[in-house]
Structure formats: structure tokens, C-alpha cells
């Protein structure tokens, strides 16, 4: 294959430089970040379009650039059903959760939990969010470093540190405004990277018709599978139902997303940003799907993964880029810049959100005498601190399986119970603090149980339905790549150990249902405990008891 040329490095460096300049600009424009509100909420003055592009960039990031095409190559285009899921998610977020958060004028979503329940639940929500976000951010720092390592030979952990340092730099200097406007630039780079690969693949294959035809005959156009079995990894129902719960946990109540759309100057702009973002999600999904089908069309007779030319499916996109773009200096650099852009957008949003919840939920309530200027400096300090934490957590990502599923699994395990907690507060007026706490703990334990079990005992092929890959046309020797994946199975399992009964039933639950399970357990347990401990239920019991005693006398 080839390596980076000078022009590839120029393109890559230009992307990093522009991102840093945006951060420097917003550090000083308009007098800089005078208050914590300016730093964390952009003074609540943002318009819908940049916020929409920022929302698109953040969670459809490097994990998408690397993971989704590989997912479609291995399992087929059923992943496209997520287009329906995204529509339902945006509808729920815009019509149920956004009005509540925007009306309250809060900075941290977990402030709502104290207003609705008590300060202890606010603290629980904050701690769970910090754990969830640092783990997820570790994955999205690790993903583009993997691409860099595969394409350029650049040191894997050197790339991890470089990603974290650049993010921390412009996030600490420019606050939320810098995060949003760098996202706008970076989503453009992501689309350009995808587009260059699609256009070149279409030229190589002499038209899009051949790509579609190859994909059809290779079983990749498997859009519809209505099997209701919740153990099947991807079906119409797991994606629409499970995916809606997973992504509503992200768009509806996750601080990283909510913080940006409630930073809009009006509720109309906030809602509009979510609906414009939906178009962006569809566009990115379409690009990733076409890339995945193009990979299959080009390598249908010689799968690079089976032939040991790549050590993990997540490396297929960089491999394809170097293969078909070797005669176009600068284009491989554009692709890696697009993966890197996804990381920068996501990590900067996470750092800003972590700083916000720390300042609003852990510092302000206990140090009420702090001035706005001091809070602004503390916010910057927190951004610097969390930048370092996220770099360290990238090491955790190297212990997980495939990047895409691991990322969504974490959101399901932790995001589901948190979504259930907010849903309980907003939709159930009789729910109380005791019920909410017991529900949250129950949902978290159940989610963690099934989630960790599925990592230790991965589902069998009949549950995941991987599609056929051929090496019949290969005439090259095996590669010498070192694997960058270490499934948890290799750590916890012993050779020849039998799978327990739970492994093929409970632990084989589709990873998309982790969030659904966590949400429903939290809500159901919360409702039951609230009724048992609420004044209305006790009144009913006392009334029935009184009637019974009257009859007896």
C-alpha cells in the first residue's frame, strides 16, 4: 500500500491549524469569556444552523467514519433503518424534553433532577454522566488514532495524545462558541472525506450501478428483517425500538447535546436546530452506507480482513483509501482529517459538557460566594483537567471489541437508566425521590449486568448474522499487522470453558436493547416504589383499613 506524502500532511495540518485558530478567535472576540455563562452556554445567543451542524458532528463522528462502513460491509445495509430511528429520536427530544429544559433556563440538565426530586438524585445523575462520557470519549479518541496508525504508521498512542491536546486547547480557550464553530468546519471536512471516497470508488467500479449490483448479489441490501426476537443483533424492531431509546438518551437528556440546543437564543431556534440536525444525520448515514457498499463491491472476491491485510474491520476504510487513492496526493490526508474531525468535534463537546456539570452541579451549589469571573476561570481549568482524563480513558477503548458496538453499548448501559430517570420526572407527576432513586439503581444494575455479560460472552454468529466474505480472488501474502482489538473474552474466559445458559439467552440480548431495558426497569420500578411510598397510596391503605375496622366493630 503506500504511506502519507507531503501533501497529505499539509491537508491534515491545515485542518488542525484552522480548528486551533477558531478557538483562539473566540477566546478574544467580544471581550472573551467574561462569565461562566459565556464560556459554558455561549451567552445563550446561538442561531439554529451552526448548532444543528454541531449536533450532527458530535455524535456522528470518527466512530461513524470508521465503524459504520465496516458494519455495512460485514452485516449489510439493514443499518440504514436507523434513518427511521433518528426521526423518532428528534421528535421525542424536540417535543418532550427540550420544552422542559429550555423553559427552566438551566445550564446542567441535572439541575432539573434537584428541582423535580432532590439534590442526591442530581448528584447521582452527574456522577453517572461523568463516568459515561469519559468512557465514550476514550473510544472516539482511540478510533481515529487507529486510522492514523493503519494508514501512516504514526504511533497509535502519540496520535491519542495529539487528539486530546488539540481538543483541550481550543475548548479551554474558546468555550462553547469555539466548540460549535469548530464543529461546523469539521462536519464539512467529514462530508468532504466521505464524498472523495464515494466518488473515487464509483469511478473505479465504472458506475454506481455495479456497486449496487454487487451488493445485491452479495446479500448486502438486506434492508428488511422483521424478526421480533430481541436476541437478534439487528432487525427492524431492534433498530427502531432499541435504537430510539439509545439515541433519545443521547439527544433528549445527554448534557453534551442538550447544552448546545438550549444555548440557542429562542426556543424556536432550539427546536429548529434539532430538525435541521436530522437532515445532517440522514446525509452522514447515506454517505457511510455508500462507503460500506463500495468496500464490498471492490473487495468482494478478496476480503482484506480474512486475508490478514487488516487486523480489524474498523481498519477497512483507511485500507480502501490508500488502495484507491494512492495516485492522488492529499486525498488520503483528507480522509484521515475527516476521521480526526469527527473526534475533535465529539471530544470538545464532551470536555465542555463535563466542565459544565462539574461547575454547575459540584462547585456552584457548595461555593456560593464565587464571582462569575472566578467561575469562568474554574470552567477553563475544568476543561483542561477533563482533557487529560479523556486522554487517559482512551486506554480503556483498546480493551473493548468493535468500536461502533462498544460505543453504543456504553450509552445503552448508562444512558438507559438516566433516560428513565428523566422520563419518570417529566411524564409521571406522582413519582417521588425514593421511587426515582430505587428505579435508577435497579435500571443501572440490570443494564450493567447484561452489558458486561455480553462483552464477556459475545453472541454466537446465528444471533449477529455476519454475511459471507470471500478470499477466492486473493493472490497476495498475509500481512503482518498487529491487532488493535482485545475482546474482553480473551481476558476473562479460559480455553475450552463452556458457555453458561445465560450466555445464549440473557447475554445475547441485542446491544440496542440495553438502553430500552435500563429505561423501562427504571420507570417501572420508580412508579411502583413511588406508589408504595407516596402519600396518595398510604391514604388509600388507611382509608381501606378504616373501613375494614368499622365493619368489624
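For all residues, glycine too, the Cβ spot is worked out from N, Cα and C.
From the options 214-233, 234-253, the stretch TrEMBL describes as transmembrane segment is 234-253. From the options 305-328, 377-400, the stretch TrEMBL describes as transmembrane segment is 377-400. Note on the transmembrane segment (123-144): residues 61-63, 65-67, 108-110, 113, 159-160, 163-164, 254-256, 314, 336, 339-340, 342-343, 346-347, 350-351, 353-354, 357-358, 361-362, 386, 389-398, 400, 403, 406-407, 410-411, 414-415, 417-418, 421, 437, 440, 444 of its chain, located 6 or more positions outside it, place their CB under 8 angstroms from a CB of the stretch. Contact count against the transmembrane segment (183-203) (Cβ pairs under 8 Å) is highest for 334-357, out of 48-66, 72-102, 274-299, 334-357, 434-457. The transmembrane segment (48-66) shares more Cβ pairs under 8 Å with 274-299 than with any other stretch in the list 156-176, 234-253, 274-299. If one looks beyond the transmembrane segment (6-28) by at least 6 residues along the same chain, the residues whose Cβ comes under 8 Å of a Cβ in the stretch are 152, 166, 169-171, 173-175, 177-178, 181-182, 185-186, 189, 329-334, 336-337, 340-341, 344.
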